[in-house]
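Asks: One structure, as structure tokens, below. Some questions next.
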Amino acid sequence: MKLLLAGTPAFAVEIFEKLINNFEVVAIVSQPDRPSVRGHKLAPTPTKLLAQKYNIKCFQPEKISQIKDELQTLNYDYLITCAFGQYIPESVLNIAKKLSLNIHGSLLPKYRGAAPIQYSLLNNDQETGISLMEMIKQMDAGDVFVQKAIKIDEYDTASTLFNKLSKLSADNIVQWLNDLDQNKLKRIKQDESKVTLSPKLEKEKALLNESLTMQEAINIIRAYEMNPGAYTFIDNKRIKIFFATKKEIKNVPKLKFKDGYLFATDYQYESKKRVKLA
């Protein structure tokens, strides 16, 4: 079984490594390298580093359609995408001899779009999961072949949930792909009446203010923890909040909300080092 993989961030690495070790991967497609956090040199994407580790060819087009001719020469059975970050046109989806598939971080049809994991936290959901689905022209609207759910812990943030779902995907993808190839999985049409969307998070909504309830603030903090980070102002100083609790703790930033106070246990004042309580 020959695979073409398309993905960019760390979320895809463990999944792709499992596929590399079990199937023939003809190439990996990643987003182009971007400036590092410090903004100087370009930083290689996590999946590019993975490709280099295994001496696998890596494409990094601004648009995947730009390499359509090269992809047509690779003769692969399945395209597997995971957190790729680009729209893939039908002309590319149709190159795979069998199917183009996506590993999506929600229980579809809930949370179609770019930020399903963050929206599950923003809405204080009690569970989420992953879906293996066929890719079609419409975003995240293809038939689902299999899903697996997990509970969301009250202490989960975007980064911990990303890690859990990445591992969940990696632990199951080989079996799922083998089952699919042997026609053991049934197609399940998505119920259009139950579709919800999860567009890219808006930075403007990361501001914590006193009009929010404590729970609303906690949801924002958890969802925005990875990027760009929820923030507020204390004594006119901007402070990012990565985690906060209702439990009273002395000598930490105290945040006022409509129905009480939260106490920041993981925070960073502007131009200062991040402080994280054990």
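Cβ atoms here come from the backbone N, Cα and C positions, even for glycine.
In case it's useful when we look at the structure, here is the feature table from TrEMBL:
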- 5-174: domain 'Formyl transferase N-terminal' (DOMAIN)
- Ser106, Leu107, Leu108, Pro109: (6S)-5,6,7,8-tetrahydrofolate binding site (BINDING)
- 200-248: domain 'Formyl transferase C-terminal' (DOMAIN)
Asks: Can you check which residue among the binding-site residues Leu107, Leu108 has the largest number of Cβ atoms within 10 Å of its own?
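Replies: Going through Leu107, Leu108 one by one, the largest Cβ count within 10 Å is at Leu108.
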Asks: Residues near the (6S)-5,6,7,8-tetrahydrofolate site, Ser106, Leu107, Leu108, Pro109 excluded, by Cβ within 8 Å of the Cβ center?
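Replies: Here the non-site neighbours turn out to be His104, Lys110, Tyr111, Arg112, Pro116, Gly129, Ser131, Asp140, Val144, Gln147, Gln190.
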Asks: Within the domain 'Formyl transferase N-terminal' (5-174), what mean pLDDT does the predicted structure show?
Replies: 96
Asks: Determine how many residues of the domain 'Formyl transferase C-terminal' (200-248) DSSP places in helix, in strand and in coil.
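Replies: Tallying H, G and I as helix, E and B as strand, the rest coil: 14 helix, 15 strand, 20 coil.
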Asks: Need the DSSP three-state call for Leu107 ((6S)-5,6,7,8-tetrahydrofolate binding site) to compare against my parser.
Replies: coil
Asks: Per 10 Å Cβ neighbour count, which of the binding-site residues Ser106, Pro109 ranks highest?
Replies: Ser106
